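**Q** According to TrEMBL, the feature chlorophyll a binding site maps to GLU73, HIS76, ASN163, ARG165. Taken from TrEMBL, the feature chlorophyll b 1 binding site applies to ARG78, VAL108, GLU128. Taken from TrEMBL, the feature chlorophyll b 3 binding site covers GLU160. Residues or ranges marked as compositional bias 'Low complexity' by TrEMBL: 1-15. The region 'Disordered' annotation in TrEMBL covers 1-40.
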Amino acid sequence: AGASAGAKTVAATTGVGAGTGKSLSGEGEDVPPEPSFDPANEVGVTEPFGYFDPAGFCKKGDKAGFRNLRAAEIKHGRVAMMAAVGAVFQHYVKFPGFENVPSGLAAVEVAPGTYGFAALFAVAGLLELGAWTEDPSKEPGNFGDPAGLNQYTLEMRNREINNGRFAMFAAIGIIAANVYTGKDAIEQFGA
C-alpha cells in the first residue's frame, strides 16, 4: 500500500498518468499535451491558496482544456458579480412599470417581471452567441477595452477572477437563502 501511494505521488507530481489525453476544450479529440504549459503558472493563482485545483480538472499540458475552463470561470464570475449586485439593487430600485413586482426570485413569477427576465435572457443569449465569442488569439475572457480605461493588467485580471470567485459564492448564497426564507438579499439581513 505504501509503495502504491508513493507511486501515485510521483505520478501526480511529474504529470505521468495524469489524465487520458482528452482535452477539456469540448472538441472530444485527442490533443497532444503541451509539456511547457502548467496551469499553476497562469493568471488567477493568488494568495492565500496559490494554485487551487483539488478536483484535478486542469492537467499539465492541456492548454486548450484550461482555456475552456478559464473562459467559463470568468464568464460565470462576471454573471455572478452582476447577480449579487442586482439582488441588492432590486430591493431599493424599481423601474417604471415594475413597482408591484416583488424582490428576489419571486420577481420572475409575476408579470411584468417574467417579461423582464425573458428579455434579459434573450439579450444575454444574443451577446453570448454573437458579440462575446472567445478569440483563440487572446486570453480567455479578453473582449478588449470598450471603455478605454487601459486597466487590462495582471493585477486587474487577478482581481476580476478573485472577485468573480467570491461573487459566485455570494450569488448562490443569496439564492439559497431566498429559496429557504422567501426573503430577498437585503431582507435576509433583517432590514
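Note: Cβ is positioned from N, Cα and C throughout, glycine not excepted.
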**Q** What's the number of neighbouring CB atoms sitting within 10 A of the CB on ARG78 (chlorophyll b 1 binding site)?
**A** 16
**Q** Tell me which of the binding-site residues ARG78, VAL108, GLU128 ends up closest to ASN163 (chlorophyll a binding site) in space, Cα to Cα.
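**A** Out of the listed candidates, the nearest Cα belongs to ARG78.
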**Q** Just to verify: the residue among GLU73, HIS76, VAL108, GLU128, ASN163 with the fewest other Cβ atoms within 10 Å, which of the binding-site residues is it?
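**A** Candidates: the binding-site residues GLU73, HIS76, VAL108, GLU128, ASN163. Fewest Cβ atoms within 10 Å: GLU128.
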**Q** Going by C-alpha positions, which of the binding-site residues (ARG78, VAL108, GLU128) is nearest ARG165 (chlorophyll a binding site)?
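**A** Looking at Cα distances from ARG165 (chlorophyll a binding site), the smallest one goes to ARG78.
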**Q** Other residues near the chlorophyll a site, CB within 8 A of the CB centroid of GLU73, HIS76, ASN163, ARG165?
**A** ILE74, GLY77, ARG78, ALA80, GLU160, ILE161, ASN162, GLY164, PHE166, ALA167, MET168
**Q** What is the nearest of the binding-site residues GLU73, HIS76, GLU160 to GLU128 (chlorophyll b 1 binding site), using the Cα of each?
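**A** Looking at Cα distances from GLU128 (chlorophyll b 1 binding site), the smallest one goes to HIS76.
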**Q** About how far apart, in whole Å, are the alpha carbons (Cα) of ARG78 (chlorophyll b 1 binding site) and the residue listed as 'chlorophyll b 3 binding site'?
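**A** Per the Cα atoms, ARG78 (chlorophyll b 1 binding site) and the residue listed as 'chlorophyll b 3 binding site' stand 8 Å apart.
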**Q** Can you give me the same-chain residues 6 or more apart in sequence from GLU160 (chlorophyll b 3 binding site) with a CB-CB distance under 8 Å?
**A** ILE74, GLY77, ARG78, GLY141
**Q** So how many other Cβ atoms are close to ARG165 (chlorophyll a binding site), meaning within 10 Å of its Cβ?
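**A** There are 18 of them.
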